[in-house]
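Chemist: According to Swiss-Prot, the protein carries these features:
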ACT_SITE  His578  active site, proton acceptor
BINDING   Val299, Trp577, His578  FAD binding site
Amino acid sequence: MGDQRVHKPRTAKTRTLRVNRILLPMLLLFSGETTSVVTQLFSVDSSGLGISLMQSVAIALNASSLALANNTAWPLQHEPPEDRLEIESYDYIVVGAGSAGSIVASRLSELCQVKVLLLEEGQLPPLESEIFGLTGALHHDERYMFLEEAVPNPKCCQAMASMHGCVWWHGRMMGGGGAINGNIFIPGSRENFRRWNSTGWDWTQVHKTYSRLQQRLNPSYLQPNKLNLKLANLIYSGSAELGVPRMKQPLIAGATFGYTHHVPVTVNQRRRASSARLYLANDQVNRRGNLKVIRGAQVQRVLLNAAGSRATGVIYTLNGVEHTAKTLGEVILSAGTLNSAKLLLLSGIGPREELQRWNITTHQDLPVGRNLQDHGMMPLFLLFGSNCAVNSTRDPTENPYAPVSITQYLLDNQKGPLASGFYMMGYINSSSPSSSRGEPDLHVVAHTLLPKGSTGSFGYLGFRPELIQAQQDILQKGDLLQIMGSLLRPLSHGKVSLSSKNSADQAKIENHYGEAVEDQQTLLRYVRYIQKLSKTRPFRRCGLRLWKPPLHECDTLAADSDDYWLCYIRYFYVGAWHSVGTCRMAPRKGVDSQENGGVVDERLRVHGVKGLRVVDASIMPELPAGNTNGPAMMIGEKGAQMILDDREANNEVIQEC
């Protein structure tokens, strides 16, 4: 008989195999040479079946990853004429493809007879923007974010790195902030819109717009993992001991009290979905020849006629070359709360004294940039003193970055830890947490478990190096529960003005977080509420106790005194990136001495300028009681409908594509 010795395949070293198991799913995301990748990673002989099976999985992974990263659904990039003297003309020019602007451009281009130009400074959103478990990687990436700072203010944001002011992040890509924020879709409440006090914007009218919007968005709920469900139950049981209930009805910010982890978000096939993804990235829109999209376009200013009474177009730069686009219809600014205000100022629309400072001709004296508002947020930390049901058991398969999670996401229809998420929200009357009367004034949100040994959250927030180190040191001892408190109706407002006449420079931002005495008192009540929560039986079972970061200025004050916590507020009450209000909707001559009237009317038309509207969160007279992304999309939908209605009012025959 011949040699019947068993063939012993070559085996990779254990360490190499472990690394290869980690690298395999990631390499296959970008590799088309599946056979060679598999054989190189697993240096073994095979009769064929093993390699064939691995190759089949690799091909499936590769196909799934390519489909996930597919950008062909987006409208093609339009190239303006090379000859700068050849000026294109459009019926509508929309500036900004964010949460509102994407909807406006899509809705207007439904009319076949109109030409629409959409100008967006950013580019296509990256893969990470559509995966809940990966979006955090983009939050310091200037390719996709405007990382702007306010003027340093000794009365707020003192925890920021030396000589830095509060950070104001906003999106810089198709989808804008909606492509990078929490995708939370909360409408606001009836009372919110009553206080706006604008014709056509009461709850009855706004609710109709939300109903139309929700048919397209189809908001749904994230699936939390087991660990987050345990955390939710800890919050539910602890807050119940204080008389704060678990919400039984759907979440309506500002109208319901209590806690819930059933927070609606905008998703599409288990992927994060901005309004740009839902309204622009589809074949139906791509077939429209009347919609032109230019990415990477930085708008310099709006062109006005000699009298400053009509918008006639915009000037923008693309790849360093200046272009002009004209319109016989309208320019719609949807560039966001900071940039829409900046563009109006650069165009000669704003406070006269501000424009004179920069030698800009004043076409319309309006309070542009005033009334800047943000919910703000302040973190408090509870250190786990012992293992409990919340943090004692962690399933390694629930790590979103584990190879098994990546493989599951790609092969199992975008399921698994990468697709999961967790939002826990509480709406509370800080004066009487157990009361359900009146309106909540405190939003307790983002109950985040910072695991032992992790890098923590201070680096992400841009805090001082010594604070980052202190948090990392305490995380060597145990897990931290981070809780954010946010004011639903802050009285401290800021403003936006120009830092130069160059449109490429960020606006000058002045904020005053927590300076109003009423805001300070609400934040103090928030601290006392969390202290009471930490003393409930469920929290005591986990050994949870308050951890206070070292603050030399504050630590010299009496421990746990109001003075100490007011000092803490000056350091840690920072931006929540919910900016609104700089192009306030109100009559031109308002009686409100602080804001001195409005910038746009109830149909979002800039006072005194025909053919110019602002359609984004900057028009909000005051903050909604919750996240601003949903209301911003509502404004986009309602603003687009107003423009379409105005065409019908002119007896034009509407022809839809």
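Each residue, glycine too, has its Cβ placed from N, Cα and C.
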Chemist: Whole-number Å distance between the CA of His578 (active site, proton acceptor) and the CA of Val299 (FAD binding site)?
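Modeler: On Cα coordinates alone, these residues lie 23 Å apart.
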Chemist: Of the residues named as FAD binders, Val299, Trp577, His578, how far apart in Å are the Cα atoms of the most distant pair?
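Modeler: Across Val299, Trp577, His578, the two farthest Cα atoms sit 23 Å apart.
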Chemist: Residues with Cβ closer than 8 Å to the Cβ of Trp577 (FAD binding site), same chain and 6+ apart in sequence?
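Modeler: When sequence neighbours closer than 6 are ignored, Trp577 (FAD binding site) has Trp168, Trp169, His170, Gly177, Asn181, Asp374 within Cβ distance under 8 Å.
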Chemist: Which residues, sitting 6 or more apart from Val299 (FAD binding site) on the same chain, put a CB under 8 Å from its CB?
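Modeler: Listed in sequence order, they are Val95, Leu119, Glu121, Val314, Ile315, Tyr316, Ala335, Leu343, Ser503.
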Chemist: Check the DSSP secondary structure of Val299 (FAD binding site), expressed as helix, strand or coil.
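Modeler: Val299 (FAD binding site) sits in a strand per DSSP.
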Chemist: Taking the Cβ of His578 (active site, proton acceptor) as the centre, how many other Cβ atoms fall within a 10 Å radius?
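Modeler: So the number of other Cβ atoms within 10 Å of His578 (active site, proton acceptor) is 23.
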Chemist: Which three-state DSSP class does Trp577 (FAD binding site) fall into?
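Modeler: DSSP assigns Trp577 (FAD binding site) to coil.
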